[in-house]
Each structure stands twice: as structure tokens, then as C-alpha cells.
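Since the structure comes first, as C-alpha cells, the remarks are kept for the end.
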Amino acid sequence: MNTEHIDIGLARYSDWAFTSSVVVLVLALLLLAVELAYSRGRKVEARELVSAGAVSADSDRPGVVVDTPKRSADERIGTAGLSLVYLGIALLFVCIVLRGLATARVPWGNMYEFINLTCFCGLIAASIVLRKPQYRALWVFVLVPVLILLTVSGRWLYTNAAPVMPALQSYWLPIHVSVVSLGSGVFLVAGVASILFLLKMSPLSAPDREGRLAQIVQRLPDAQTLDRIAYRTTIFAFPIFGFGVIFGAIWAEEAWGRYWGWDPKETVSFIAWVVYAAYLHARSTAGWRDKKAAWINVIGFVAMVFNLFFINLVTVGLHSYAGVG
């Protein structure tokens with residue numbers, strides 16, 4: 001392997017940042033899962049709380065001190081877990097940046113780097129969408145697929161820092177791959193939201209349903225909120241991923257002399273994009289909203305995962321060089 005232009009020290013720090021990110025995100029998942037499992041479903045009181053030691057200006061009893069209710073243990077655990085999520089995102093960002101500095105190129109030239117970037121985009125999207133405190137429980141279900149992807153990436157798809165192969169040495173690499181990564185990461189959040197929406201619409205959400213799984217489903221945000229999250233994230237990612245496919249076609253014309261060759265990777269990417277188009281259409285069509293549309297969105301998410309692993313690692317095509325180094 002050519003390491004002439006590789007900064008081994010920065011590459012090692014990048015690997016440490018990756019490992020640290022995974023460890024921190026695992027701890028965050030555990031803390032958030034504890035909060036989800038043991039929270040008591042508290043209702044937010046519709047009144048203004050007066051800080052401890054202060055006197056309410058509107059109080060008809062001057063001098064009466066109103067204490068702020070203390071947060072429960074599970075709420076404090078959840079807050080700590082969310083703080084670790086942000087720390088894990090920062091460490092993953094450091095990993096990506098150091099990888100780029102170590103190789104003097106954009107850090108998404110192989111499967112390991114692509115998955116890291118996709119997970120980072122998904123986590124950033126989740127940080128924006130789930131910024132409200134009442135959505136914190138959803139982080140558990142976002143972190144599970146992200147950690148699975150990062151584990152597979154670091155354990156089986158890891159590639160030593162190196163220059164990209166000649167087939168990828170094009171100005172289209174930073175454009176095409178970054179856009180596809182952003183779209184894929186946001187689609188991950190949309191897929192999780194649709195799966196949770198289907199669970200919320202199932203008998204598990206019935207108030208009289210017993211069992212640990214039913215209790216967890218009942219603590220999720222309402223079905224309408226989950227459906228809205230899935231729709232808004234999909235409608236954001238849909239054109240971005242579409243542009244990624246188009247940029248790939250333009251790059252293909254420069255590299256191989258044709259815009260479209262029915263390569264397995266580009267074909268499944270197009271199929272996934274069509275599935276998401278069907279979801280957006282179904283979401284706005286009477287009789288197809290709710291569960292039917294959500295199932296279409298889940299199918300699109302499955303197609304993305306299939307495209308990421310099976311197409312890249314099993315099939316043989318013009319994108320085979322994007323697999324394990």
C-alpha cells in the first residue's frame with residue numbers, strides 16, 4: 001500500500017477518535033434506554049415555574065417562596081445520555097476531519113469512510129429534528145442502527161488511510177459521495193420514524209396493553225408526530241439523494257463514456273429513489289396515508305441498506321472498487 005503521502009500520526013488519531021466515538025455513543029444509548037424503560041410518563045404542567053428562592057411577581061402572597069420541582073433520576077440520566085450523544089457526534093467529526101488531513105483528500109474514498117460520513121450526517125439530522133426534550137426517547141432508536149453501521153464499518157470494512165485509487169481521482173468524488181451521504185443519513189432518520197409510527201399505530205400502543213414492549217411504545221411521541229418527522233425528513237432528503245444520483249451519472253459519463261449502464265449500484269439507488277417518490281405521493285393521497293405510506297417509506301429504507309451492503313460487498317459491478325480496501 002502506498003503510504004508516501006500519508007500522515008501516520010493523524011491517521012492513528014483519527015482511528016482513536018472513531019473508537020472513542022463508538023464507545024461514547026454506546027454509553028449514551030445505554031443511558032437513554034434506561035430513561036425510556038423507567039420513565040413514568042410524566043405530564044408537563046401547564047404553568048410557569050418560579051425558580052427556587054425567588055418570589056413570583058404575580059403571587060398574591062408576597063414573600064412565599066416557590067421551589068422548582070427536582071428532576072427525577074431517570075430524567076437526569078436521559079440528560080446525561082443526550083450530552084454523550086453530542087460528544088460522540090463531535091468525536092466522529094474529529095475522526096472524519098483527521099482522516100482527511102492524514103490522507104490530504106476528502107475523507108470518503110472507501111466504504112469505511114462513506115459509512116462514517118453517512119452516520120455523521122444522520123446524527124446531525126437527528127440533532128436538529130429531535131432537539132425538543134419530548135423527542136429525546138427517539139434517540140434510542142436512531143442510535144441503534146447508527147451503532148450497527150459504525151460497528152460493521154470499524155470491524156469489517158476498515159481500510160488503512162491511503163490515497164484513493166485512480167478510478168476515484170476526480171473532482172466529482174467530493175460532490176457525488178458527500179451529497180449521497182447526506183441524503184442517506186437523513187433517510188435513516190426517516191426510516192426509523194416510520195418504523196416507530198407503525199409501532200405506535202399497532203395494538204401495542206393501546207393504554208390497556210401490558211408488557212415491557214407495550215410500555216416503551218406507549219412512551220413514544222404520538223403517531224401524528226412520528227409521521228410528521230418521517231415526512232419532513234424524507235421530503236428534505238429526497239431531492240438531495242436525487243441530485244446525488246444525477247451527479248453520479250454525470251461522473252459515469254466522464255469516467256466510462258455513458259450516463260447510465262444499469263450497474264447494480266446505480267440501478268438499486270434509482271429504485272430506492274423511486275420508492276421514496278412513491279412514499280411522498282402516497283403520503284399526500286387519500287386512502288394511502290398513515291400505515292400504507294409508512295410501509296413504503298420502510299421499504300425505501302430497506303432498499304438503502306440492501307444497496308449499502310449487499311450491492312457493494314456481494315455483487316460485481318463498476319462500483320466494486322468502493323468496497324473493502
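Cβ coordinates come from backbone N, Cα and C, glycine included.
A TrEMBL annotation is a machine prediction, not a hand-curated record.
So that you can see what the record holds, here are the features copied from TrEMBL:
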TRANSMEM  16-38  transmembrane segment
TRANSMEM  80-102  transmembrane segment
DOMAIN    108-319  domain 'Cytochrome c assembly protein'
TRANSMEM  114-130  transmembrane segment
TRANSMEM  137-158  transmembrane segment
TRANSMEM  178-199  transmembrane segment
TRANSMEM  229-252  transmembrane segment
TRANSMEM  264-282  transmembrane segment
TRANSMEM  294-322  transmembrane segment
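In this chain, the transmembrane segment (80-102) touches the transmembrane segment (137-158); three or more CB pairs sit within less than 8 A of each other, excluding pairs fewer than 6 residues apart.
Beyond its flanks by at least six residues, the transmembrane segment (114-130) meets 18, 85-86, 88-89, 92-93, 95-96, 99, 107-108, 136, 138-139, 142, 146, 149-150, 152-153, 157, 177-178, 181-182, 184-186, 188-189, 229, 232-233, 308, 322 of its own chain at Cβ-Cβ distances under 8 Å.
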